[in-house]
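Visitor: Can you read through this structure? Questions will come right after.
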Amino acid sequence: MSLKNGEQNDLSPKDSVKGNDQYRSPSGIHVEHEEESRNDFWQFESSNLFRHPRIHLEPQEKSDNNLKKFVIKKLEKSCQCSSTKAKNTIFGFLPVLQWLPKYDLKKNILGDMMSGLIVGILLVPQSIAYSLLAGQEPIYGLYTSFFASLIYFILGTSRHISVGIFGILCLMIGEVVDRELYIAGYDTVHAASNESSLVNQMSNQTCDRSCYAITVGSTVTFVAGVYQVAMGFFQVGFVSVYLSDALLGGFVTGASFTILTSQVKYLLGLSLPRSGGVGSLITTWIHIFRNIHKTNICDLITSLLCLLVLLPTKELNERFKSKLKAPIPVELFVVVAATLASHFGKLSEKYGTSIAGHIPTGFMPPKAPDWNLIPRVAVDAIAIAIIGFAITVSLSEMFAKKHGYTVKANQEMYAIGFCNIIPSFFHSFTTSAALAKTLVKESTGCQTQVSGVMTALVLLLVLLVIAPLFFSLQKSVLGVITIVNLRGALCKFKDLPQMWRISRMDTVIWFVTMLSSALISTEIGLLTGVCFSMFCVILRTQKPKASLLGLVEDSEVFESMSAYKNLQAKSGIKIFRFVAPLYYVNKEYFKSVLYKKTLNPVLVKAAQRKAAKKKIKRETVTLSGIQDEVSVQLSYDPLEFHTIVIDCSAIQFLDTAGIHTLKEVRRDYEAIGIQVLLAQCNPSVRDSLARGEYCKKDEENLLFYSVYEAMTFAEDSQNQKERYVPNGPSFSSD
């Protein structure tokens with residue numbers, strides 16, 4: 001058998017006879033030896049011969065975690081009423097009351113007016129174009145952008161983001177609208193006359209296709225807004241953390257392919273049903289190629305001319321944005337030129353091109369959402385609400401950090417929620433912040449939320465005076481504007497090589513989300529991306545990195561021996577680091593990698609038992625022979641080490657399975673005479689170990705505050721054990 005001091009001893013027959021009882025009860029040896037070893041361990045620990053004193057920290061008194069008391073305390077605090085609290089509540093809910101009285105007119109007004117004017121000019125054609133994407137009439141896009149700009153001015157905390165119409169949300173709204181129109185029995189190919197549709201609504205007559213479409217859109221918007229306000233109220237904004245940058249990037253790119261596909265029919269002048277549901281992108285392209293011979297040549301030529309103007313000018317704006325005081329509003333110029341050409345050339349009458357039609361001036365009477373539709377659209381609104389607030393909060397925090405101020409994420413959720421709830425009563429659909437317009441707003445001198453008021457005034461001018469002038473505007477022009485604005489999302493492919501070098505896992509998440517969003521559907525794509533992203537997190541912790549550590553020369557620092565050279569491995573001590581939480585998913589991997597890098601105590605124990613049986617049998621035969629005195633040598637090869645130190649600095653938490661695994665590992669190693677020490681456990685892990693009874697009251701010294709302390713303790717205790725070891729053999733197992 002292996003001796004604790006690594007030596008071999010010869011036993012005479014006389015000595016062997018004394019030990020026969022122990023051999024007949026191997027388990028008795030183990031219990032007796034383990035108890036003796038443990039007593040020696042604590043005796044050594046309490047002696048004064050250690051080179052370094054142990055670190056002892058006094059824990060803070062823990063707060064009372066009684067749920068009932070916590071809830072009562074919160075309710076008492078919430079129900080207290082005073083003039084100061086009422087004032088703070090009002091000012092917190094309406095941030096405009098805080099910052100507007102302090103507004104520096106001379107310093108900020110010029111930049112706010114300039115940025116608001118330019119964003120308003122850009123929003124006019126985009127609002128009209130994105131209305132088609134949402135399955136609505138052009139006027140509703142203008143309503144949406146107008147109300148969102150005003151409400152965010154009152155409730156928002158970000159000085160720079162532009163809240164209004166957003167392509168991805170318009171696509172998601174449009175899919176719901178088309179589905180409900182189909183269920184209601186409306187023709188999904190040919191809409192009723194634009195003029196008659198809107199006249200009926202203005203005069204409160206029977207609701208036709210256009211009326212029902214905006215009813216569905218407003219209802220979805222209302223429900224999404226309620227979700228967002230509820231998220232703010234219950235402070236569940238943490239949901240957005242599951243939408244990583246890679247996931248959002250893949251989702252936006254995948255949805256952009258769907259948007260592009262939905263606009264191709266306008267570029268070609270085709271009257272096609274809008275495909276929805278699973279595989280809509282493929283279905284739409286099949287319909288396009290089947291009807292390609294019906295292409296309207298006038299619409300095709302108009303689309304190509306607009307592309308030739310818009311794409312180069314957009315690139316110039318991007319390349320020379322640092323030199324331009326304001327971006328060239330090329331979209332507005334294209335819309336004006338195309339409208340004039342269509343009107344005076346009578347393109348609709350001569351060539352049958354599809355035009356925007358009558359856009360009324362003024363505002364329609366408020367109308368409540370259709371409460372009967374809410375159960376049918378409630379699930380659709382969840383994804384819309386999450387995407388809307390995730391993009392808004394992330395953009396507001398990004399620009400706040402860039403310009404050195406803070407935003408309140410909860411208030412941002414309230415703001416975007418009410419930007420959807422209130423306008424839903426005024427024939428509007430879902431809004432959120434948009435990166436492209438926010439960048440324009442920032443680059444043109446925006447200083448505060450006053451910029452949003454200027455944007456709203458531009459849109460109000462269009463709504464009251466200019467809107468009817470867009471009657472002859474071709475829908476192909478609006479389709480081109482929508483597609484050109486997707487170039488940022490579609491150009492993300494050029495960033496993939498760099499993303500692959502930085503994180504292959506993020507790149508895979510991006511591709512999975514992009515492909516599922518494009519080829520299946522936007523909602524399923526988002527859900528697939530979230531599920532796959534969470535699976536990747538679990539996968540990363542299922543088989544994390546684990547390594548043996550060595551000591552950096554002339555220091556108390558330990559690092560991975562597989563990552564760095566010239567590290568010193570301490571004789572007789574193995575230091576093991578596991579870089580992940582230890583829980584039910586990776587508990588088996590933890591044991592397997594620890595056993596692989598040190599030794600498997602179960603196999604060693606089995607080998608010792610087998611060897612013990614063979615030597616007992618041999619001894620019995622020898623003693624019963626004719627010889628009076630025979631020397632029998634019982635020995636094992638000594639183990640390479642006596643202590644394992646587990647560096648727990650990277651273990652964020654333990655669950656029940658993790659605690660049980662540590663107990664099992666410790667028990668298995670102690671059975672062969674190897675002590676297990678834990679080092680650098682954070683307070684959470686220490687609490688878990690205490691609750692799981694990993695250490696008994698007299699075993700708290702198994703936990704160390706640093707790896708160096710644990711290593712020193714192991715060396716000193718082993719040195720003292722060798723002094724106390726008796727002359728006779730000391731077996732490490734039964």
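For all residues, glycine too, the Cβ spot is worked out from N, Cα and C.
Quick caveat, the model's predicted, so the values are computed rather than measured.
The feature region 'Disordered' is assigned by Swiss-Prot to 1-38. Taken from Swiss-Prot, the feature compositional bias 'Polar residues' covers 1-11. Taken from Swiss-Prot, the feature phosphoserine applies to S12, S16, supported by similarity to another entry. The transmembrane segment annotation in Swiss-Prot covers 113-133, 138-158, 222-242, 247-267, 269-289, 292-312, 379-399, 415-435, 453-473, 519-539. The N-linked glycosylation site annotation in Swiss-Prot covers N194, N204. Annotation comment: Swiss-Prot describes 563-714 as domain 'STAS'.
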Visitor: Can the transmembrane segment (292-312) be said to touch the transmembrane segment (379-399) if we require at least 3 CB pairs below 8 Å and skip pairs under 6 apart in sequence?
Guide: no
Visitor: Using Cβ atoms only, state whether the transmembrane segment (247-267) and the transmembrane segment (453-473) have three or more pairs under 8 Å that are 6 or more apart in sequence.
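Guide: Touching, no - the transmembrane segment (247-267) and the transmembrane segment (453-473) miss the threshold of 3 or more Cβ pairs under 8 Å.
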Visitor: Can you see whether the transmembrane segment (415-435) and the transmembrane segment (138-158) are touching - at least 3 CB pairs under 8 angstroms, only pairs 6 or more apart in sequence?
Guide: yes
Visitor: Counting only residues 6+ away from its ends, which parts of the chain sit with a Cβ under 8 Å from the transmembrane segment (379-399)?
Guide: 156-161, 163, 166, 168-169, 172-173, 175-176, 220, 223-225, 227-228, 231, 237, 239-240, 243, 248, 251, 407, 409, 412-413, 415-417, 420, 430-435, 438, 442, 522-523, 526-527
Visitor: Where else in the chain does the transmembrane segment (222-242) make close Cβ contacts, counting only residues six or more beyond its ends and a cut-off under 8 Å?
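Guide: Apart from its flanks, the transmembrane segment (222-242) reaches 369, 374, 377-378, 381-382, 384-386, 388-390, 393-394, 409-411, 413-414, 416-421, 424-425, 430, 530, 533-534.
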